[in-house]
Amino acid sequence: MPNSVLTQSSFDSLTSSQLSQLVISIKHWGKELGFAQIGICDTDLTIEEPKLQQWLDKGYHGEMGYMESHGMMRARPHELHPGTIRVISARMDYLPPEAGFATNLRDPNLAYISRYAGGRDYHKLIRNRLKKLGLMIEEELTRLGVGKPNFRPFVDSAPILERPLADKAGLGWTGKHSLLLNQDAGSWFFLGELLIDLPLPVDIPVSEGCNTCVACIKSCPTNAIVEPYIVDGRRCISYLTIELQGAIPEEFRPLIGNRIYGCDDCQLVCPVNSKSPLTLETDFHTRDPLKQPELLTLFNWSEAEFLKITEGSPIRRIGHKRWLRNIAVALGNAPFSQTIIDTLELKKQTEELDEMVAEHIDWALKQQRFKQGGEVPTVNRKTQRVIRSVEKGLPRDA
Ligand code: B12
Ligand code: SF4
Ligand code: SF4
């Protein structure tokens, strides 16, 4: 007999007090497994469907084909994993100690890497923990004599609307930058879910909001937050440096500054992040070679060095080619330096370069030569504002 048929009927025998006790246990086990918080919601996201469709119709997903390839299944967890009636939504903090945001953004010769990406790739780690949580639930249900649940963990890459689910499950509210915000923890956390066929009582969404604040919208270097709550993915530096396969459109290159992998600016200016806890996972701590590294050091890594140093890190998935593309842009944005020019030229001569990378190196050389003999440029005004905001609002992490 299929598992779901067996479980569906057998869970009917669970009393509401047994289910409530189970929720208490699930939240407790979640903490033991390193999650900061667990919430539970049903699978109804019909309210999100037209918004998702509009976002896709406007082309805001750019080259992220996976965003449209599953149709509305992203908003229908019960279709994605048949039998699902509840989503156990979990969040895990990732802010590493000594984030050094301001010092890193202030020095245009240093590479800025999003603080979620300096340690181990979260996908596998969170999925494994969610699977353990599922097995703990299974064990408890077996003890209660009601059969096995049908569950499946999801993290990020799967076609599911994680942020609206977490919002529904009471883990926080949606900020105007479109990320989930928690009153006590800010936004420096990952989301993951366990889809399950167990009729657990659901949590109540929280009612806080951003009120009149618009700091993230005003500070986004590329004006990617086109309306409150709506991000045009194609303009976001995270998309341009991580998701985009080909050339970075020229209009965005000067705005990217020294951000070579993702961007944190909309979170850096957010007042709710002033209370964010540091991660409890040492695996998410920034690895030494990725702590405020010199752009030139990273640019000189061979492909073998890149693959070795980024092993197990999310950075590895962009590959050496896009790594060089991104750093070339940042080198073009750095103040004039003969060493940078020599390094860029040497790279062009000594390596079998991909055409796309070569074009970015040419662009960087043009920017560098243009600055020769002129004033030494500093970081742009918007970034200066972000730096001041970090120093004032997030002194521990500045
Ligand atoms: C695609 C994607 C991206 C894209 C597009 C971003 C986006 N905002 O959609 C790009 C590559 C740009 C990106 C960037 C980042 N991402 Co991302 N991304 C995703 C992914 C895979 C899907 C998101 C999605 O469905 N977008 C589609 C649009 C339609 O969804 P949406 O923004 O939620 O849109 C809703 C709003 O527009 C809303 N809406 C419309 N009008 C209104 C009005 C009101 C009043 C309200 C409340 C809502 C609302 O309705 C829409 C439909 O639900 C999720 C993981 C997942 N599977 O869900 C991670 C995820 C959202 N990303 C995450 C992170 C950490 C980031 C970055 C911070 C990474 C970085 N440092 O570089 C940046 C932040 C950029 C930003 N401000 O969003 C985390 C967020 C965690 C959190 N605290 O919320 C997630 C959940 C991954 C994870 N598992 O942890 N990301
Ligand atoms: S991550 Fe950066 S580029 Fe993307 S929306 Fe936030 S501030 Fe803008
Ligand atoms: S910066 Fe302000 S508007 Fe943006 S998410 Fe944070 S509180 Fe909301």
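A Cβ is built for glycine as well, from the same backbone N, Cα and C atoms used for every other residue.
Keep in mind that TrEMBL annotations are predicted by a computer and have not been checked by a curator.
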For the [4Fe-4S] cluster 1 site that TrEMBL gives with Cys210, Cys213, Cys216, which of Cys263, Cys270 also belongs there?
Cys270
Can you tell which of the binding-site residues Leu180, Leu191, Asp264, Cys266 lies nearest to Lys321 (tRNA binding site) in space, using Cα positions?
Asp264
Using all protein chains in view, find how many other C-beta atoms are within 10 Å of the C-beta of Lys321 (tRNA binding site).
15
Need one number for the cob(II)alamin-binding residues Arg74, Asp156, Thr174, Leu180, Leu191, Ser238, Cys263, Asp264: the maximum pairwise CA distance in Å, whole number please.
25
Using the alpha carbons only, what distance in Å do you get between Asp264 (cob(II)alamin binding site) and Cys270 ([4Fe-4S] cluster 1 binding site) once rounded?
10
With Cβ-Cβ distance below 8 Å and at least 6 positions apart along the chain, what are the contacts of Cys216 ([4Fe-4S] cluster 1 binding site)? List them in sequence order.
Gly175, Lys176, His177, Ile225, Asp265, Cys266, Gln267, Val269, Cys270
By the DSSP assignment reduced to helix, strand and coil, which category contains Arg74 (cob(II)alamin binding site)?
helix
How long is the line from the C-alpha of Arg74 (cob(II)alamin binding site) to the C-alpha of Cys213 ([4Fe-4S] cluster 1 binding site), rounded to the nearest angstrom?
30
